[in-house]
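I have placed the structure first, in the form of structure tokens, so that the comments after it can refer back to it.
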Amino acid sequence: MSQTKPYRVSHLDALEAESIFIMREVMAEFERPALLFSGGKDSIVMLRLAEKAFAPARIPFPVMHIDTGHNFPEVLEYRDRRVATLGLNLVVASVQEAIDAGQVRELPDGTRNRIQTPVLLAAQEKYRFDALFGGARRDEEKARAKERMFSFRDEFGQWDPKNQRPELWSLYNGRHHPGESIRVFPLSNWTELDVWHYIAKENIPLPSIYYAHDREVVERNGMFYAVNEFIRLRDGETSEVRRVRYRTVGDASQTAAVLSEADTVEKVIDEVAATRITERGATRGDDRVSEAAMEDRKREGYF
Amino acid sequence: MSQAVLEPDAAASRGMDLLRFATAGSVDDGKSTLIGRLLYDTKTIFEDQLEAVETASASRGDEYTNLALLTDGLRAEREQGITIDVAYRYFATPRRKFIIADTPGHIQYTRNMVTGASTADLALILVDARKGLVEQSRRHAFLTSLLRVPHLVLCVNKMDLVDWDQKVFERIADEFTSFAAKLDAPDLTIIPISALNGDNIASRSENSPWYEGPSLLHHLEHVHIASDRNLVDVRFPVQYVIRPQSTTVTDYRGYAGQVASGILKPGDDVMVLPSGLTSTIAAIETADGPIDEAFPPMSVTVRLADEIDISRGDMICRPQNRPAVAQDIEAMVCWMDETAPLRVGGKYAIKHTTRTARTVVRGLQYRLDVNTLHRDESAGELSLNEIGRVKLRTTVPLLADEYRRNRTTGGFILIDESTNRTVGAGIIIEAR
């Protein structure tokens, strides 16, 4: 063996160090940051990184849940447990309340992904959040591949892909005028597999729906949707009980499950490493609408 | 022969490392095809992505699956036929995870290339074997050396179109090698490839028996990057002071930051700049517990034995090895703003490590032609994508090193205080 130490840093440690650096940078330079928490695995990992960035102090900013009203009960239960354990300040912005108050209108198809955006922007304005952490990753989708770590948003929350600030070294420019804000994506350089490896390494608990379980599902366009209060059988459709897990967690009326036997984190990692379809392609009805679906939603102020 | 391929999870438990590389070149050089090939050969392209690209290629009337569409993804780009600056791509092999900063060669090349190269361990430049070196290849090599990217790979692409002629390859390799020598260029590797057919990408090709070097992927997996980091000069820019407001943890004061260079250990004598006060490291902490040493790029929390006043923007270093405490900076500046040029007398915000100050441009010594390296000393300003040697004076001292010695404490950005845009990137030549 060589006498000189290698001073090696594994790729997961390097990603963690980068994400922690970004969270501390935001805390140091912004007045009112908040972390967008959906109960999905990426926001759960982001929450763990925030815990580690400021330890032994508590996470010094609130978490905000944009509640579509179309939830998996396991996810809400998980959210409330984590918030209590970490002593967090939780802000819930409810799409249902916004519909009831006439601030947004339900879409004809009943999906709520798109109408989350005005609810998010209204909550950001109400609480005057100047930076919002999001769990988006660049490997998810091609519009995200071109978005910055610090994504400048104008006073309408809009992303302009042609007007992005160059990001050099680890020098992030978070300056903005009142009313403008920055979306910050500390997981930009993580892949789906990195996230799962990190969940395993850190032994992070997840909502149970991420692991294989038996569920009554209906197959639509090659995707398996849970039959529940949001998704009902249409004429000619039949449901069946299959062994499934969720790769992403979004609006419960839009998010499909994949057939899986993976009931542990190690088995999920094996499946993710072997899969040949992106997680959004496999599970998100909302991204299949058009080739530019994500780009359009981001321009409107989506995460 | 080669080892059995490890499953990715097994590799992760052993600890893959991370290599960031920047690619430069235009679509004509086959850059997108090469990236597509790397993603394809490492099983990174997913079926739904490939299907989407195939559909899009067919609807455009392309004769083959246009892998460029994997990267040129935005509607804004398709509508205007442009490519928006830097896109990031990811792939992994059992040995390494790779982050590609993919920069288009043809549009706003300098700004994008400089951005991509700023964090890169390696730069990959493509040339077309039929055309040989072109102006753009030299420009990319120059920018790579300016940004001190430690490793450079020249891929001589489309070798199939010159019948794998060894003489063609060697002529290009010789020409590039002698050009690179003038640039004080880093470690250089030159590989003959066909991105379209996959020759010398994932494995050595039978078409080039005369080539004895590694395949591209083998080189990317094995190039030695650990010693590229500066482990000598201790530089710890304080990012954030952790002081828990709680009843269970009292009197805690920790200095959070990412190690820029050097190795920090508990018990080390340290000096804090700009105050010049000294102390010793009492502990280096992470959320997972205390550690024996910290080195780049670790994010840690340092606690000192003495209570001294330290805030964000200060720098922890060693008493005998300090950065300059400098208000007069000479730097190469790359201008990145299309709305207004850099002018002598212009005032900007300057962000350097975790410190932000204001600065005034005292002088523009010359503007550099990145193609000919000619210095124009009569230049009065720097426009978008222009590079020049600039003298700056800052309102408060920066704790700075020469960029060639330290890429973290030697780089800065300039911000327009009225628009808040990032308008320039600077590489410190001298700080005093």
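Note that Cβ sites are derived from N, Cα and C of the backbone, with glycine treated the same way.
Quick look at what TrEMBL annotates:
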- B:25-32, B:102-106, B:157-160: GTP binding site (BINDING)
- B:16-229: domain 'Tr-type G' (DOMAIN)
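Location within the structure of each feature annotated in TrEMBL.
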residue  : record           : DSSP (3 states)
B:GLY25  : GTP binding site : strand
B:LYS31  : GTP binding site : helix
B:THR103 : GTP binding site : strand
B:MET159 : GTP binding site : helix
If you measure Cβ to Cβ, which of the binding-site residues B:ASP28, B:LYS31, B:THR103, B:MET159 are under 8 Å from chain A?
none
